[in-house]
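Features reported for this protein in TrEMBL:
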- 26-48: transmembrane segment (TRANSMEM)
- 41-289: domain 'G-protein coupled receptors family 1 profile' (DOMAIN)
- 60-79: transmembrane segment (TRANSMEM)
- 99-120: transmembrane segment (TRANSMEM)
- 140-158: transmembrane segment (TRANSMEM)
- 197-221: transmembrane segment (TRANSMEM)
- 242-260: transmembrane segment (TRANSMEM)
- 272-291: transmembrane segment (TRANSMEM)
Amino acid sequence: MVRENQSTAIEFLLLGLAGQSKEEEVIFGMFLWMYLVTVCGNFLIILAISCDPHLHTPMYFFLANLSSVDICFSSVTVPKALVNHVLGSKSISYTECMIQIYFFITFINMDGFLLSVMAYDRYVAICHPLHYTMMMRPRLCVLLVAISWAITNLHALLHTLLMVRLTFCSHNAVHHFFCDPYPILKLSCSDTFINDITAFTVGGLTSITPFTCITVSYGYILSNVLKFPSIQGIRKALSTCGSHLTVVSLFYGAILGVYMHPSSTYSVQDTVATAFFTVVTPMVNPFIYSLRNRDVKGALRKLICRRLTSSRFYN
């Protein structure tokens with residue numbers, strides 16, 4: 001990497017997930033297909049919710065926000081990797097890398113906060129059904145999302161500013177397909193102690209707090225559901241949580257294993273796990289929510305039928 005008087009680096013080289021050209025072609029095809037499915041699937045969820053008045057409820061308001069974040073989350077990392085492959089380049093400028101880190105941290109944390117807000121929504125719906133409309137007012141829903149955006153952006157700004165102060169020396173090869181903060185930290189020839197401590201404390205807090213809220217919400221839900229007199233009532237109550245629990249398990253199962261240890265121990269397995277929750281999880285979320293939710297399936301069916309009818313009319 002070129003340096004001028006110990007100044008900031010000019011560019012990094014993203015080596016990707018494969019070392020051979022044949023493997024890179026396969027990964028390129030998979031990433032392109034998964035990215036298109038992610039964008040189309042999540043966009044359909046947003047469109048179905050916005051076009052169906054029956055889905056203008058807090059639960060689906062949060063789901064539409066989650067789908068929007070998932071599109072942005074994938075768009076931060078995947079398009080750059082695809083463009084680099086097409087151009088035969090592996091480089092990413094220092095400025096692009098820092099911007100990528102900022103938005104990556106923002107959207108990954110926003111996913112967690114939205115999942116926790118959705119868990120709270122399910123808690124209110126199951127444990128306080130008579131007070132649901134009063135407790136989950138539209139103003140409160142907007143406020144919860146706005147606060148989540150504020151926290152995640154401030155958190156991302158903190159980590160990015162701490163990253164910018166570091167000096168990067170001769171080695172500029174990143175064994176990843178995007179600027180993941182941990183592999184970038186490993187390239188620094190400066191002391192990264194403050195970065196690691198911040199990642200453990202502030203980063204851990206912004207990850208564990210939503211996870212704790214989800215756990216507590218489902219703890220109350222489970223204790224309340226077990227009091228139901230019939231098994232059918234228990235199944236009906238838990239069926240509304242099935243999709244959300246599946247998404248939470250996929251998301252936190254990967255993220256906690258990758259980032260809850262020092263940057264110096266980042267390995268190839270962590271790279272694969274990171275690729276899973278940055279590419280695969282946003283892709284499968286629409287399928288999980290649509291296939292296991294009658295309301296969403298109905299809205300998607302209406303939307304598709306409406307489009308087909310309008311296209312026949314114009315033809």
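Using the three backbone atoms N, Cα and C, a Cβ is placed for every residue, glycine included.
Contact check: the transmembrane segment (60-79) against the transmembrane segment (272-291) gives at least three Cβ pairs closer than 8 Å, residues 6 or more apart, which meets the contact criterion. Distant neighbours of the transmembrane segment (197-221): 109, 112-113, 115-116, 119-120, 122-123, 126-127, 151-152, 155, 158-159, 162, 181, 237, 241, 245, 248, 252, 255-256, 259-260, 263; these residues of the same chain sit at least 6 beyond its ends, with a Cβ under 8 Å from one of its Cβ atoms. Same-chain residues lying 6 or more positions outside the transmembrane segment (26-48) and placing a CB less than 8 Å from one of its CB atoms are 16-18, 55, 63-64, 67-68, 70-71, 74-75, 78-79, 81-82, 85, 177, 279-280, 282-283, 285-287, 289-290, 296, 299-300, 302-303.
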